[in-house]
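Below: the structure, in structure tokens.
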Amino acid sequence: MFSHERVIVRRGPESGLPIVVAVHSTARGQAIGGCRLATYPHWQDALADALRLSAAMTDKCALAALPNGGGKTVIALPPAGGTAAEPLGAATSPAAGIDPELRRAALRDAGLTIAELGGVYATGPDVGTGPDDMATIGERTEHVFCRPTENGGSGDSSRATAIGTVAALKAVCAALFGSPDLSGRSFAVLGLGRVGAHVARLLADADARLVVSDLDESKRSVIPGATWTNPADCRRAQVDVLVPAALGGLLTPASVAELRCRAIAGPANNQLDAPSTAARLHERGILWAPDPVVSAGGIIHATGVELRHESEAEALARVETIGDTLTRLLRSAAAEGASPAEMAARSIKI
Ligand SMILES: NC(=O)c1ccc[n+]([C@@H]2O[C@H](COP(=O)([O-])OP(=O)(O)OC[C@H]3O[C@@H](n4cnc5c(N)ncnc54)[C@H](O)[C@@H]3O)[C@@H](O)[C@H]2O)c1
């Protein structure tokens, strides 16, 4: 189903944990894509995730017109109570409560594996990792983005990802209502992690009406004034735009049948369970903004600052162009009677 240039699967020499590094494409330039630290029932599930996520990164870079291809690193934690030697089966969840020394060892193992690729691929943060983890990976390889600014990196990517997501939400409002104004529009933000909480705050600042949710009940009061609900009701909320900001795979034929929003646009990677689900959304008249377009703010910012030596202001101005990219995509899709997903697939040039 996928054709990857390089895939390494190994047991980390320091941590004993399964480490997967997948390089999907370097046709446009160095492959880039974050390092995910998550719990998997079986190491093969981590491999499947890395293959899917790295292919999506190739699309994301191409749609953002970046001179890069896609890659991904996945560190597979065993389920609670398991050991690294046990077979690790399906869903993933972010890392929680991992021993700090094991975490650092696993990150160094990932860095060593990336170093062995000699610059073909560079990593950055993803679900379960952040700038400090990138500094740890940086103990073994220079091919890592988003180390803390004091360590010479561009820092946390989630703010830029959130800014790009809000630029996309304005483009969606312009397509739905003829105006990018967010005030008075309603949004359901599913997932109040590093990106989702930032998006929700920016929306609240713009006087939008908000329904929010997270699996983690402690996030209940993170966005004052927002209506808190459980994740299933958040997904089914009657709002203008659903903003998926948790993990992927949210949009399935069954979940699409239950949706009551007019549009979907959010930073979560790989929102569709299968490409055919985009056609179901289109049939239901729900506008779906492809996540590789919406979620590109972090890599646009990191590569801008670290590779192209742009100032913070220049990099953020480039992140804001996600709104223009999405507007062009939505207009050409409407003109051709195609879904935004079809138009995105047609416009990817690798
Ligand atoms: N961080 C970035 O810069 C970046 C860039 C591009 C894409 N993304 C994508 O955006 C999404 C969020 O990333 P993040 O960095 O904010 O991750 P995060 O781990 O900080 O936050 C994810 C949040 O989702 C919640 N969550 C998990 N499963 C859930 C469920 N089923 N229902 C409701 N809430 C659930 C978690 O409790 C957590 O609060 C991910 O899909 C990630 O791949 C992130």
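Here the Cβ of each residue, glycine as well, is placed from N, Cα and C on the backbone.
Per TrEMBL, these features apply:
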type	residues	note
ACT_SITE	Lys72	active site, proton donor/acceptor
BINDING	Gly191, Leu192, Gly193, Arg194, Val195, Gly196	NAD(+) binding site
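Minimal Cβ crowding within 10 Å, among the binding-site residues Leu192, Val195, is found at Leu192. Taking Lys72, Gly191, Gly193 as the candidate recorded positions, the subset whose CB lies under 6 angstroms from any atom of ligand 1 consists of Gly191, Gly193. Between Leu192 (NAD(+) binding site) and the residue listed as 'active site, proton donor/acceptor', the C-alpha separation comes to 23 Å. Of the listed binding-site residues Gly191, Gly193, Gly196, the Cβ environment within 10 Å is emptiest of other Cβ atoms at Gly193. DSSP assigns Gly191 (NAD(+) binding site) to coil in the three-state reduction, outside any helix or strand. Between the CA atoms of Arg194 (NAD(+) binding site) and Lys72 (active site, proton donor/acceptor) there is a gap of 19 Å, rounded to the nearest whole number. Taking the mean position of the Cβ atoms of Gly191, Leu192, Gly193, Arg194, Val195, Gly196 as the NAD(+) site, the remaining same-chain residues with a Cβ inside 8 Å of that point are Ser158, Val189, Ala197, His198, Val199, Asp214, Ala245, Ala246, Pro267. The most densely surrounded of the recorded positions Lys72, Arg194, judged by C-beta neighbours within 10 angstroms, is Lys72.
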